[in-house]
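Q: Please find one structure pasted underneath; my questions will follow.
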Amino acid sequence: MESPTHPKPSKDKTFPWNLVFLVGILFQIDMGMANPSPHQVYNVTWVITNVQTNSRANATSMLGTLTDAYPTLYVDLCDLVGDTWEPIAPDPRSWARYSSSTHGCKTTDRKKQQQTYPFYVCPGHAPSMGPKGTYCGGAQDGFCAAWGCETTGEAWWKPTSSWDYITVKRGSNQDNSCKGKCNPLVLQFTQKGRQASWDRPKMWGLRLYRSGYDPIALFSVSRQVMTITPPQAMGPNLVLPDQKPPSRQSQTKSKVTTQRPQITSSTPRSVASATMGPKRIGTGDRLINLVQGTYLALNATDPNKTKDCWLCLVSRPPYYEGIAVLGNYSNQTNPPPSCLSTPQHKLTISEVSGQGLCIGTVPKTHQALCKKTQKGHKGTHYLAAPNGTYWACNTGLTPCISMAVLNWTSDFCVLIELWPRVTYHQPEYIYTHFDKAVRFRREPISLTVALMLGGLTVGGIAAGVGTGTKALLETAQFRQLQIAMHTDIQALEESISALEKSLTSLSEVVLQNRRGLDILFLQEGGLCAALKEECCFYADHTGLVRDNMAKLRERLKQRQQLFDSQQGWFEGWFNKSPWFTTLISSIMGPLLILLLILLLGPCILNRLVQFVKDRISVVQALILTQQYQQIQQYDSDRP
């Protein structure tokens, strides 16, 4: 490629490449965000079109994923041909090729005549793949310029191939009089066709096998993919107005529900109002509902744990965690309603614990999550998870999985319960944060509610529905928590969609504006040359945010140093780590005992040795007195 002439130095030409690189990054981000879940169900329509007349010969629609939505297509040969085989009298060449007595579908006799001729089909999406490098021609030859280019059809030599996308055969005819459609064709997709990309139409050529010139008909097969409920954007961006604090009504409701709920008719109405309320709630209300629903579920299962506790919603990822469970899923041939509500984007669950039901080929790294493993089912089946559960696959979170996708991608899924990441704390843990001298007696214990309520859907409440008032109560409280989680996930999906559209619109506007300005100032050498700018770039203001964060960290560091300077040397030890406090309290007793032994041990030992020696001397004296007798002494002076 030749470089365009430019009057400015070479450094002025660097910005367009930087812009292309920047926009390329934007498109990569957009493509990553727009990558849907492979289990997403769409309304897929297959259209067969006569290329020569641009008329639609057949259109078949079905619900399914992009992997298994390959139905059998039925089309009539006369609809596929149209008027292209009708005789053209003024042209002698055409008259010789298309005899008015044998071709076309205008009369009943001609329709019956088409049933007697074999036909063969040649692909136009790969015209060079003939036998031994034979060129198969173009559209004027029906892509069948040489024998061996045909890949399917209904002829005596039975044309086949291992790489073409479709097979075309004759169907059964029910109309012997040929007053209607009497030349049915059956089009089926091959395994290669199911693996191919159908982003654009693909063309084939169909020719009748007869003596002389074989008539040609060109047709194309295309796929149209539409979502079940197409999104409609109206008004401003919904992401920014959604960031609002909790409403007072939600706070008042939370105070009322802190007591033990009773079995009344108001409980179902509160659940129904939460699902059918037309008012759009904000981020603050959604977070409050998650904590409130968690409390109600925990209070319904174990009221003793909710007498004095703290429930904290974790503000850092992961926001949800999964508990693997065992359950009975529903196996259906048509997509159930739960499959139609599959998220548009892939949601990843980074933390899954426990053991449950696994479907597919599970690698060794994840076999610890499987208590029961099933290989799945062959064919087109949809496995819907039980109410309140999801399938956690390595391609994302989904309430319904397609076995065609699972078998084709070698994917695996685990049946899980989805819980918000809410930690359970004893009251002492919170009180220490309000104490000026923070001292932890031991390492604080924090449990997630998922570990405390795991298996509630399948093994606990769901199994006890209808057995009494407690089961009904716990089911209602758990359902309210599920509604809160569903609302939060739905809001997350809407936010991602809105951000995706904003990014796409921004990249399109940047490209259009820059391309238009460069074309407008083409004679001057481009926009930068016309503005006489040596450097054209986008001013990124994230540096200001980075500087402000650095200043904030510096102020926090100064406050920490001031706080440490006001403390004594002994108090500073216990504020460094709770592990240090636990270690000191554990070894202080043995250390004091050892110190006392070292100080008082020698004195006590000396006294003990002296006492033993004295007793030994006494014993020796007693032994000597027993073996000898005392000699009596007489005084000579005494009479």
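Just so it is clear, glycine is given a Cβ too, placed from its N, Cα and C backbone atoms.
Relevant sequence annotations retrieved from Swiss-Prot are reproduced here:
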| type | residues | note |
| --- | --- | --- |
| COILED | 473-522 | coiled coil |
| COILED | 532-568 | coiled coil |
| COMPBIAS | 246-273 | compositional bias 'Polar residues' |
| DISULFID | C122-C144 | disulfide bond |
| DISULFID | C136-C149 | disulfide bond |
| DISULFID | C309-C312 | disulfide bond |
| DISULFID | C528-C535 | disulfide bond |
| LIPID | C603 | S-palmitoyl cysteine |
| REGION | 232-278 | region 'Disordered' |
| REGION | 511-527 | region 'Immunosuppression' |
| TOPO_DOM | 35-583 | topological domain 'Extracellular' |
| TOPO_DOM | 605-639 | topological domain 'Cytoplasmic' |
| TRANSMEM | 584-604 | transmembrane segment |
Q: What subset of the disulfide-bonded residues C144, C309, C312 lies within 10 angstroms of C136 (disulfide bond), using C-alpha positions?
A: C144
Q: How many other Cβ atoms are found within 10 Å of the Cβ atom of C144 (disulfide bond), counting all protein chains shown?
A: 26
Q: To the nearest whole angstrom, state the Cα distance for the pair the residue listed as 'S-palmitoyl cysteine' and C309 (disulfide bond).
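A: With distance taken Cα to Cα, C309 (disulfide bond) is 54 Å from the residue listed as 'S-palmitoyl cysteine'.
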Q: Name the residue among the disulfide-bonded residues C122, C528 whose Cβ has the smallest number of other Cβ atoms within 10 Å.
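A: Output over disulfide-bonded residues C122, C528: least Cβ neighbours within 10 Å is C528.
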Q: Hey, does DSSP put C528 (disulfide bond) in a helix, a strand, or just coil?
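A: Going by the DSSP assignment, C528 (disulfide bond) falls within a helical segment, counted as helix.
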Q: For the recorded positions listed here, C136, C149, C309, C312, C603, which shows the highest count of neighbouring CB atoms within 10 A?
A: C149
Q: Have a look at the disulfide-bonded residues C122, C144, C149, C528 and say which one has the shortest Cα distance to C309 (disulfide bond).
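A: Spatially nearest to C309 (disulfide bond) by Cα position is C528.
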Q: Out of the disulfide-bonded residues listed (C149, C312, C528), which are within 10 Å of C122 (disulfide bond), Cα to Cα?
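A: Passing the 10 Å Cα cut: C149.
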Q: If I take the alpha carbons of C144 (disulfide bond) and C528 (disulfide bond), what is the distance between them in whole Å?
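A: Distance between the two Cα atoms comes out at 54 Å.
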Q: Rounded to a whole number, how many Å is the Cα of C528 (disulfide bond) away from the Cα of C149 (disulfide bond)?
A: 55
Q: Can you tell me how far the Cα of C149 (disulfide bond) sits from the Cα of C312 (disulfide bond), in Å?
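A: Their Cα atoms are separated by 69 Å.
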